[in-house]
Ligand SMILES: [Fe+2]
């Protein structure tokens, strides 16, 4: 089971009321390479992957939920007291009409999250390569959002999240090495 | 130590309407070069690690917007 | 409305830092299960986090529920602020 802890993984700060940035950020909330997709992808793959890497998928999948909460916090803070006019000016009029200031799992273009964003091939190598690609795509998405944002506090949190993708990719690469290792040759520690 | 950014020069046509970007950059983070992480790599302190997003210095590769400075100058 | 003092943010960040080390070591150990030094370090910080967690909970209420934290009187798990509100 899972147990919630009443704290963020990282001290998220946002310096300005800027719903426009929320519109971009929502990509990492409900987009194809976002944190929700990441968490669900890894946790779901656990059931058919060799035992040696189930722990890793469990732990990275769990960390992704912490990242999802960080993104939610950023979006929440960027839009919390935004008026309908401010939402409209930020290109969030369509969002406001349907959701008011509520968060929703869709991407920056308003397309709702879909399970087709994630894969489970049942082949350990295919699945881990998908995971590595997902981490690199998430890393790139953070770069493009940082490039569009001039909120230094927000960028600080986004940099943390981007760095985590680098580490996750590293661990998935190591998982591939573990699975392809020849039984009698012992080279890892 | 490997470089964490690579550059390339896209072809520029005299008929391209936007101001050409002469050099394009992309990210090649440390995980591409590390292989299986060896034990005992140099670490950050816990507080530094939290700020860096990694415990190990060898993985630290922060991304800053190339436009942020230009925007400040305006 | 009650606001949290600077002390809360300081304590919280200390816990976030120690917990971050534990996350990093967890993922590392998932692929390096025989690194005895890393395991020692992990257990050291696991102890560290217990102290910090107790310090926060004694002043600001439970961090976890379903029995992973004790409750105050009255039930204070659902007291605001929540993590995204602070
Ligand atoms: Fe990730």
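Just so you know, glycine gets a Cβ as well, placed from its N, Cα and C.
Copied over from TrEMBL:
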type    : residues                       : note
BINDING : A:35, A:64, A:67, A:135, A:168 : Mn(2+) binding site
BINDING : A:59                           : Ca(2+) binding site
Residue with minimal Cβ packing [other Cβ atoms within 10 Å] among the binding-site residues A:35, A:59, A:64, A:135: A:59
For the Mn(2+) site built from A:35, A:64, A:67, A:135, A:168, further residues of that chain with CB within 8 A of the site's CB center: A:38, A:39, A:60, A:63, A:138, A:161, A:164, A:165
Residue A:168 (Mn(2+) binding site) CB neighbourhood, other CB atoms within 10 A: 27
Per DSSP, three-state class assigned to residue A:67 (Mn(2+) binding site): helix
Filtered binding-site residues, from A:35, A:59, A:135, A:168, whose Cβ is under 6 Å from an atom of ligand 1: A:135, A:168
DSSP state at residue A:168 (Mn(2+) binding site), helix/strand/coil: helix
Spatial neighbours, same chain, of residue A:67 (Mn(2+) binding site) - Cβ under 8 Å, 6+ residues apart: A:9, A:35, A:38, A:161, A:164
Filtered A:35, A:59, A:64, A:67, A:135 - binding-site residues with C-beta under 8 A from chain C: A:59
